[in-house]
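Taken verbatim from TrEMBL:
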type: ACT_SITE; residues: 140; note: active site, charge relay system
type: ACT_SITE; residues: 203; note: active site, charge relay system
type: ACT_SITE; residues: 515; note: active site, charge relay system
type: DOMAIN; residues: 36-111; note: domain 'Inhibitor I9'
type: DOMAIN; residues: 132-438; note: domain 'Peptidase S8/S53'
type: DOMAIN; residues: 602-698; note: domain 'Subtilisin-like protease fibronectin type-III'
type: SIGNAL; residues: 1-27; note: signal peptide
C-alpha cells in the first residue's frame, strides 16, 4: 500500500464562496455571447499581420464592435483568436476561409523527495554540462519564486536562444526562473487569485520543482519523508506560464501560453492539466502540442486523475507524451488507538502529536447541525457546515466517506471538522488506500472493516455501564503521528491515475509511468520502460502504457522509433481531415491523397494497439521503422511473448545494421480472437547489449 501525498486546504471554503460571487457577477455583464476559440492553423507566411487579419475578419461579422469582443490573438507560433460570439455569429465565422475549427473556450482541470531515487535516477548520476541550457516551460498555476528549489546560485545568464519575458508584478525572475507570464482571458479573478505569475495554489510550484527543482537537503514535512528534494534535471531552467486559477484552466489561456512558450524558446513543455479528450483540432492541448512538435519541442502532459475506470485518459494526441502515475516504495501509515486498546492502521500523513492524550470520539451521524437543517444521514459524511460545533468541539469525529476517497470530498470533510473545532478526524470507506492525504488536523483514513470496528466501539461504549455508580463510559481514542514504511510491492499504478483505451483513436496506446502524482518532463522514448506486475496493476497496458521508465537505460536505448511532422500529417489524413484544413494546420502544401494517407496502425510509435470486435477473428499488420543509435555494426533478433489467444509474427525477424543512423523497417502481424477482455503481449529486439521492448495490447470493448 504505497502512498502519494495530496495536500488539503481549508481555504477551499473561500474558493467556493469566490466562485459563486464571480459567477453572479459575470452573469450580470454577459449577453448571449460566449467565448470561442477560432483556430486557423499555422502562422501566416510573409508580412501578413495575424492581428490585422483577425480584426478584418471580425469586422465582417461584428462591425464596429469587433474590438470589443476580441479577447486574444494568437500570432507568435500559430494562428487564431478568441472572441465572444453568438451562436449565429459562430456559424458565420466557422464558414470563413482560413478557419480550421471553432470551439467553445471551456475549462480544463488540474489533474516527493524519494521519487527520483526510486526510479533509478540517483542524485550522483553523471550529468551533461548542457543541462543548464535546457529551458522547461511549465504551464500550471504559476510558481513561488522564493522557494529554495528555485535559487539561482551557480547559474550564469540564460542561453542566447531565450526570447521570453518576465512579468514583474509581485514577482521577480532570476537565472533559474528565466521567464514568467500569466493569462486570464475573461479578466475574472477569485479572492485568493494573485494577478501575477506567483502561485497561490501550490500545484505549479510542485510540478516545476519535480521537473527541475534544485537540490534542497534535509527536506521533510515535520520530520516525515526526510531527504533531499530535487527535480529530475536540477540544473535546467524554468519558464513559468500561469494558466490555471481558482476555477480551472481556460482553453484560451492554454493556447496563449503555448503560443508564447514556443516562440520564447523553451526546449520542453510540461503541463498537468486535462479534460475530456476532443477531436484533435478542437482540443487546445492537442493543437498547442502539435505546433510545439513542429518546432522540435516535446510536450509532456498528464494522463489524468479519473481512474481507476477505463477510457478516462486525457491528452491522447500521438505527438505528445502522456504520463500516468504510479506509487513509490514509501508509504505513510497512521495508527488509531481506541479506549479499549484496539489499534488500527490507516493511511494519512499526520504530523500532529496528541501527546499520548485520549480524546472523546463520536460518530458524525450523531451530531448533525440541525439549525442548518442537516439530518443525521447527511452529517455522517461531514459535509461542510453539517456538524454541530457545540457537540464536536474537542472531540475526534468518525466520518463516512462517499465514493473512492475523492480528494474534494476528503477536503470538505476535513474542513468541516476543523471549522467545527474537532480534535481529530477518522474517515472510513471501501476505496483504495494508495493515496495519503495531508489534513489540517490529526487524521487517519480507515478501510471498511476497521472503520466498522471503530463505529461499533463508539456505539457499544456509549450505552455500557459499570456496576457503580452506573455512569456511562465515554468512548475515547488517540491518533498517533504517522510512521514511514517501505512498500515492497511498488511500483504499481495509482488508483486515481486515468486509464485507457484512447477514446479519440482507439488503436493508439498512450501512457508512460512516473512515480509521482503529476506529469513531469521526460526526454526518453518509452523503449527502455519496463512493464509492471499485472497483479498490482490489473489493467496492464491500459493503465501503464509502455511501462515504468528507466531514465538511465534511456540514455542508450539502441534503437528508436522516429516520428515527425510528415508521419503525423499522414496520420491526420488517415483520420479523415481534408487537404484544405491540413494545409492551414501545417502551413505548407501538404495534401491528403491515397499515397499520403496513413493507417493508424502504421504510425511509427513504439507500441502496438488493436481494438478488436469481441468474438470475431482479427488479422492486422503493423509497419514500423527503427533507427540505429546504438552500435554501428549490430544485429538485432526479435523475441515475442504472447498468450495462446494471439498469434504474432515479425518479418524480418533479424535486423542487421551497418552504421549509426541507419533505418530498417519490419512488419508485425497480429492474429487471433478474444472476448470482451484485454490481452497483453510484447516484442523485444535484442542485440546482446540493448533490449528494446514494445508492448502489444489487444482489447475487445
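Numbering starts at 1 and runs along the chain as it is shown here.
Here the Cβ of each residue, glycine as well, is placed from N, Cα and C on the backbone.
Remember, it's a predicted structure, so these values are computed and weren't measured experimentally.
Its Cβ placed at the centre, residue 203 (active site, charge relay system) has 19 other Cβ atoms within 10 Å. Summed and averaged per residue, pLDDT over the domain 'Inhibitor I9' (36-111) gives 95. Helix, strand and coil counts from DSSP across the domain 'Inhibitor I9' (36-111) read 28 helix, 28 strand, 20 coil. Helix, strand and coil counts under DSSP for the domain 'Subtilisin-like protease fibronectin type-III' (602-698) come to 1 helix, 60 strand, 36 coil.
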